[in-house]
Amino acid sequence: MRNYTLLNEFILLGIPQTQGLETLLFVVFLFIYFFTLLGNLLIFTAIVSSSTLHTPMYFFLGILSISGMLFPSVTCPKMLLYLSGQSPAISYKGCAAQLFFYHFLGSTEGCLYSVMAYDRYVAICHPLRYMLIMKPGVCVSLVTIAFSVGCLHATILTSFTFQLVYCAFNQVDYFFCDLPALLPLACTDSRLAQKVGSINVGFLALMLLFSVCVSYAHIGIAILRIRSAEGRQKAFSTCSAHLTAILCAYGPVIIIYLQRTPNPLLGAVVQILNNIVSPMLNSLIYSLRNKEVKRSLRRVFQSVMLAVQK
């Protein structure tokens, strides 16, 4: 049996083809990360502080806001550290944790989009039974299922990735620990892990996207059956923000999988869009396109200003 000297850390090489741009990228990503956290925190505060927003739709939006703060925090702080000149090294356990939480929170967020699409389907297609169907217990159960699916998905990927032996090369040609960057470094056969990873990620993404499409197909049919233009506009406005957020989340992924020849720089840009930019856009979309959230945010700002003046 072969003896291996096991690794205890990895070196993150950063975003491909960006040498010499570290200072500029640090400023840009720090700005985006700060406003991502601030925007999602404000939405969550607005929902919690306003009793008029204590409904199923805003319950799911509040959970999505929490996810929007946690998801970029998996990769962004470490990226900001090495962009500022700190060590690019990450421990073996830290790398495993980063991989797990990236896929856990990412897939949970995808599940939440599907749950929110179902919520809009019930609200528009079955308005009279909406509160009967979307009871508090049902809402909590749907969120619990979303987190459970995310946890199972991340556990499978992390287990298959880190049961492999890493012994020779420790330079990860990426800005965080992810499957495509880690598996080529393994000293043992990684083909099974690659197959499981591709099938797991692909199947989950397709199922979630399919569920969203089914919900919105029914919503679209229901809206077309509404006779008045005002009624159609009102029905569409209730789900336009969510639909825009879904396009921002799935759009970059669709682009990257449609390219014939993989481009490392394009792949990194898409990951950054998903990791950092998309959560920031979610906060802007839901705050700018939702009158109830805007009113609640105004009340929050007024309360803060009164507290400061005192």
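Here the Cβ of each residue, glycine as well, is placed from N, Cα and C on the backbone.
These figures come from a predicted structure and were not determined experimentally.
Here TrEMBL flags 39-286 as domain 'G-protein coupled receptors family 1 profile'. Sequence annotations record features per position, and here TrEMBL assigns transmembrane segment to 24-46, 58-80, 100-118, 139-166, 201-224, 236-259, 265-288.
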Among the recorded stretches 24-46, 58-80, 139-166, 201-224, 265-288, which has the greatest number of Cβ pairs closer than 8 Å to the transmembrane segment (100-118)?
139-166
Give residue numbers and ranges for long-range contacts of the transmembrane segment (24-46): same chain, 6 or more residues beyond its ends, CB-CB under 8 A.
15, 18, 53, 61-62, 65-66, 68-69, 72-73, 76, 79-80, 83-84, 272, 276-277, 279-280, 282-284, 286-287, 293, 296-297, 299-300
The domain 'G-protein coupled receptors family 1 profile' (39-286) [mean pLDDT, rounded to integer]:
86
Taking residues 6+ outside the transmembrane segment (265-288), which of them lie with a CB under 8 Å of any CB in it?
15-18, 29, 32-33, 35-36, 38-40, 42-43, 61, 64-65, 67-69, 71-72, 74-76, 102, 106, 174-176, 178, 180, 241, 244-245, 248-249, 252-253, 255-256, 259, 294, 297
